[in-house]
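Here is what TrEMBL records for this protein:
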- 38-59: transmembrane segment (TRANSMEM)
- 96-115: transmembrane segment (TRANSMEM)
- 127-146: transmembrane segment (TRANSMEM)
- 153-173: transmembrane segment (TRANSMEM)
- 179-199: transmembrane segment (TRANSMEM)
- 231-249: transmembrane segment (TRANSMEM)
- 270-298: transmembrane segment (TRANSMEM)
- 340-358: transmembrane segment (TRANSMEM)
């Protein structure tokens, strides 16, 4: 039974004001969540079309949309454009835009999953040495042949091989945790970096060396449709597997003992995440070169927007990563007459932003 005083208080002005404020706060919170979701989902779509028409060779948006619609035979479109615009869109810009979205999203997914697996906010997709191995493979291919296909194949294979060596070294310490795996990755990364330096030392300084250096700085200028056909399935399938197990990463990020207590096979789950993240990173690096900071910074931005829950963090990281690399690539090809390597821009943008994150007093990593 409620007292008369409680009933009076509920029927009074104070109760009505509290009820109004609570409802208003709930509505405001729901509106903010809806706005965040709309921004995260719509930004890549908007940037896709902006990037398609933006460049030193400008294309009228209306004409560009007609060119895109002409691909579909069931949509009648009057042919009013010249062949140059069609070539620019389909042969140059569209492959580059798709590559930027795939690579940005893929590296962000790999970075977010590694940060949860290793329970470390400073982890990036190349923590196990995949980027160093891929860089050595690409430099070796440039030195031996210079064939783009061989460069991509060797970069991919040696990127995977570097992570395999890391896992073999870490298994020498039975019962060791993720710390030994990270330390093994640092050792393997240093080894392949030394081998890469040796190749740069013996390379022709007028021909081969500039090609190696430019590849290592990262660029999407040479990406073609066959390149996308070869790596897109690997990135999409591996990213989808991580998306499926994203709720398990929540449990792994708490600790191995807690995960085992909840029935999670931590070793097998760690293997799945490492394999998928390695395939994603090696696939991205083999067609674009080394593009740093994306897989480190973007998961933190996503965490600020949607929180630490990996159920929402993984898809948000993918979408924000795609948007981020699209913006960086647009800046790269439009800011000055010559194209700026993506690795330079991502470092110039990512390093100060990450420094800002470190200086914040309250940062909810997980």
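The first residue you see is number 1, and the count goes up from there.
For all residues, glycine too, the Cβ spot is worked out from N, Cα and C.
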Beyond the flanks of the transmembrane segment (127-146) by at least 6 residues, Cβ under 8 Å: 114, 118, 152-163, 165-167, 181-182, 184-186, 188-193, 195-196, 199-200, 202-203, 208, 211-212, 215-216, 274, 278, 281-282, 285-286, 289-290, 292
Listed stretch, out of 38-59, 153-173, 179-199, 231-249, 270-298, that has the most CB pairs under 8 angstroms to the transmembrane segment (96-115): 270-298
Contact call for the transmembrane segment (179-199) and the transmembrane segment (231-249): at least 3 Cβ pairs under 8 Å, seq gap 6+: no
Intrachain residues whose Cβ lies under 8 Å of the transmembrane segment (270-298), provided they are six or more past its termini: 99, 102-104, 106-114, 117, 122-126, 128, 130-131, 134-135, 138, 151-153, 155-156, 159-160, 163, 167, 178, 214-220, 223, 227-228, 231, 234-235, 238-239, 241-242, 245, 249, 252, 317, 320-321, 324-325, 341-343, 346-347, 349-351, 353-354
Same-chain residue ranges lying at least 6 outside the transmembrane segment (153-173) that approach it to Cβ under 8 Å: 128-138, 140-141, 180-181, 183-185, 187-189, 192, 274, 278-279, 281-283, 285-286
